[in-house]
Structure formats: C-alpha cells, structure tokens
Amino acid sequence: MADTTVSASTVEKKRINPQIENFKNVWRKLRQNRLAMAGGFLIIFFCVAAVVGPWLTSNDPNMPNVSDRLQGPSGEYWFGTDHHGRDIFTRLVHGMSITLRIGISSVIVGGTVGVFLGIISGYYGGRIDAVIMRSMDVLLAFPSILLALGIVAVLGGSITNVIIAIAIFSIPVFARIVRGSTLAVRKLEYIDAVRALGASDARIIFLHILPNIVSPIIVQATLFIATAVLSATGLSFLGLGATPPTPEWGAMLADGRNYMWDHPHIALFPGLAIALVVLAFNLFGDGVRDALDPKLKS
Amino acid sequence: MFVYTIRRLIQTIPVLIGVTLVVFLMMHLIPGDPAQIMAGERADAETVELTRDRLGLNDPLPVQYGSFVWNAVQGDLGNSIRSGRDVSAEIVPRFWVTVELAVYSTILSVFMGLIAGIISATRRNSISDMVIMVVALFGLSMPNFWLGLMLIQYIGLTVGWIPVSGWGGAAVILPVITLGTAGAAIIARMTRSSMLEVIHQDYIRTARAKGVKERYVIYKHALRNALIPVVTVVGLQFGVLLGGAVLTETVFAINGLGRFVVEGINQRDFPIVQGSVLVLALLFVLVNFIVDISYRLLNKRIELD
C-alpha cells in the first residue's frame, strides 16, 4: 500500500512541470557538447569583459598619444598602438560593448517583429499570409548586406541606424522559420481543443503556439547574432556605421588600413576579435540547435 | 515541370514589383529634397524647381513609380548626379566584373566545400574530419574583408606575381579566395551532414550488401542524393556572395558593382545607388529562380506545391 502511494506521488511530481524537465534535458545535452560549452563560456567572458573591461584598462581609448604611435605589441601595449598612438587592446575592450550591443539588440528588435509576423502569417493563413510572406520575399530578394547598406544610405551612418538596418534585414529570416513552425503546430489537436474551450486567437497564439515554437527561434537568434556582428563590422569598415574615433572594430580596421602594411598588428587584432566573437556565437548556436532538436540540423 | 516553371515564374512577379518599389522609395525616403540633392547644394530655387519638373517630381507618386519602372525596363536608370553620365552605361561593365567575381567564388566554394565535406563524412570522427570542421567553422566566422586584408598582407606582398588590387589575370586569385572561403565552409558543413544522413539510409546498406564497391556507394548512390540540399545552399550562397562582393571589391579596389554602390552612397549620388542595388537584386531573383527549378529537377520526390 505504502509503496504505491509513494510512486504515485513521484509520478505526480514529475508531471508538475514538463517544461522544466525539458529544459533540464536540453541543458544536460548541451553540457556534454564541449565545443558548445566553449562557445558559451566565451560569450559569457566577452559579456563580462564588455561591462567590466573599460574600468580595468589604464589607457584612454580615444586620446591620441603621438609619441607612442605605431608601436608593436609590448608589455605596456599588449596589442601595440595605432597611428594615433592609441592602445589597440584598450580600444578593443571598449569596442566589445558596441559589438555585442549591435549584435544582440538588432536580433531582439528584428526577431520580435519577425516572430510576430511569422506567427500571424502561419496562424491566420489566407490573404494575410500572402501579403506578409510576399513582403518577406521582397526583403529577401536583396542580397545580404545590400539591404542593410541601402537602409543605412537612407538613414545615415550611426550605430543606432546600423542596428535598425540589421534588424530589418533579419525580419524575413525569423518570419519564415516561425511561419513554418506555426503551420505545423496549428494543425495539432490540442489547439483545436483549446479553441473549442473558447480561447481567443491572441490567447492561442501567445500561450499555446508560441511556447511550442521557441526552439527554432532560440537557435536562429543565437546564430543570427553571429551574422549581425559580421554585417555590422562590415558596414563600419565601409565607413557607413560607427564613425571615428569610436573604437568599433570594423571602423578600427578601416581606420588602420593604410598603416597595416608596415605594422600588421593594427589589422590583425581587431579582425581576430571579430572572428572570435562570431565563432563563439556560431559554436554555441550549433550546440543549442543540436540539443534542442537534432532534426533541425540541416 | 512546365506547369511548375510557369507557376514559379508568376510567383516572381510580386517580388519584382516589390523590389522596384523598395528601390524607388529609397529615393523618396532620403531626408531632404531629392530635387535639391540632384541640382546640387548651392543651386538656387529656380534651378531646383526646374530639376524637380524635369525629374517629374511634381507628378503623383504612382505616376513617378510607373515611369521609373518603364524607364528601367528600357534600360534607362537615369544619370549620375556627379558626372552626369548614363547610369546604365556605367553599370554594365561593372556588372560583369561582379558576376565574374561571384561565379568564380561560387565555383571555388563548391569545389572546396564538396571535397572537404565528403572527406569529413566518409572519415567521420577522424583527425581529418575534426581539422576540416574546425577550419570550416573558423572560415565561417571570419569577416571576409579582414581575410582579404590578411591575404594581401601575407600572400600578396610576399608572392610578387600576385597583384593585390584590380581585376583580371592573376589579380582574381586573392579576391576569389576572400569571397569564396565562407561559402566553402558552409557547403563543407552542409555536405557532411547531408552525406551522414544519407549514408544511414536503407538503400545504401542494400547497395553495400549486394557488394557494390565502396567508392561507387559513396559517389554514385550517396552523393547524388546528398547533393540535393546542397544545391539550395549554393543558391542562397550566391546571394551572400553578391552582398559580400561589396566588401571584397572595396578591399581589392575592384571596379565592380558592389564598390560602385559604396561610392554612390559616399558621394550621395543616389541614381547610382538605386540602379546598382536594383540590378543586384534582380540578378539574385533570377539566380533563385534557376536554383528552384534545378532543385525540382534534381529531386523528383518533392511535391509540386
């Protein structure tokens, strides 16, 4: 008798929150993936460095120091100095927050709009779907960075405008994926059941569909941060994003270009920094994808 | 197949309308008066008014859009503000340079990507697999403009016979590597995962069981089916390449369409920006169309809609 009660109550406990169980399961898989964990730790490290770093560096990121210009890496200047005598390491540390801010906020803005459009499109179908998805097709018809380039040309170059441009460029990517997932979930029986119980469309969309399509959204968001960072540094490199003397990494590369032939360290370190941040998000995104849903691996 | 082609062709019409509309509106969304920009900053009110009239800016927007599309169809993309030259005539030679750059880079990335992907998949979990995947991941994460700068620095300037700027002859080597690397990385990863999926299918086991040589199993049975998803990636990659050409052309001072866009933006020469962006977008729409059709030809299992 006693035994049955105990096992019944454990079953009951397990049933309490399948979402937490699911999360634990994903976390366990993610922890076994060494590359993904390396990526995750790098991301945390970069975030901490972006917040704390500027307080720890003793040099000024923007103050020219003519007597120390174009110095190679040394104990005093770890990554050397640029043509204004500014410490490259300090500038990279100060630029970290700009890079992360652009990457993360453009994905949040673009992802929110894209998820909203995709879910509406997939849920209602018909004419709404046709209008939304044809508009997304139009945005996708502009090859990658070109759309962002056009938007920045219209808005003018600044970090905020780069975020807006990349956010717009990410909308169709999210909308397409979310629409597909919504279509799959919408047909499931429990949605019919909830609707029969009298739930409103908004309730069904936000409480019953959205939680079930979170996996592909998370995967896409993580991987798109990598794309966003590459695009943003590219725009700044072209002189259309952050402007000097802002220690943005792409702008640093553009700025130091004329001096790099004799002083390779000027271009080497900012590029490596970009590559490392992008690599971290790619590694982590890959891992999250595999942990959440191996079927997405394509 | 014919019906599918026609249907797919009809589907591109709204996209074409949308693309032209976006490019047309770019001009009107720019802060400031287009006529003033066109006439020059120091032009007096009368000249501005004349320019406005000449450009048809007093017409209602739909009429303006109509004539923009009508002119574009006839190959008239307006004149450059700075040089006054015909934009279409300026675009044509640059267009071919960019197409060449993108095509060579695609060939390089497909070639490298397939080889690396097949090696990785057939020798799963070996050292070569791990090395290839790590290199691919890094190739994917590098900004291509930085890769270009590094190639100039460490190869262009040490190997004397490779020019580090311009286009044509040996000068194509470094830009093509710069632009093709990320694509090669993506195709390698895609080929690997696609091959691994196919290798576990029943018909591969059957082929092996009936004694087909391993080489035939890989190249004749597995690769053919594994290539289907790769084709789509190649198509998408082409768009990324066209966008990436903007940066590559800037780094190597190549007179292509991508660099033309950037110059146009920097000089606020909007007819140039408009024309080049329109041409690049149309090219990408065309490539996507071709990819969809060939995808359909390759994969007979896919449903018609």
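Backbone N, Cα and C atoms are what each Cβ position is placed from, and that goes for glycine too.
Taken from TrEMBL, the feature domain 'ABC transmembrane type-1' covers B:95-291.
TrEMBL lists B:12-30 (among others) with the feature transmembrane segment.
According to TrEMBL, the transmembrane segment annotation covers B:101-119 (among others).
Residues or ranges marked as transmembrane segment by TrEMBL: B:131-155 (among others). Here the transmembrane segment (B:131-155) has Cβ contacts under 8 Å with residues 116, 119-120, 162, 164, 174-175, 177-179, 181-182, 184-186, 188-189, 192, 244, 247-248, 250-252 of the same chain, all six or more residues outside its ends.
Look at TrEMBL and you will find B:167-188 (among others) tagged as transmembrane segment. Tertiary proximity for the transmembrane segment (B:167-188) is limited to same-chain residues at least six positions away from its ends with a CB under 8 Å from its CB atoms, namely 97, 100-102, 104-114, 116-117, 120, 132-133, 135-140, 142, 144-145, 147-148, 151-152, 155-156, 161, 230, 233-234, 237, 240-241, 244-245, 248-249, 251-252, 254-256.
Feature annotation from TrEMBL assigns transmembrane segment to B:226-252 (among others).
Feature annotation from TrEMBL assigns transmembrane segment to B:272-291 (among others).
Sequence-distant neighbours of the transmembrane segment (B:12-30) (same chain, 6+ residues past either end, Cβ-Cβ under 8 Å): 37, 61, 64-65, 68-69, 72, 270, 273-274, 277-278, 281-282, 285, 289.
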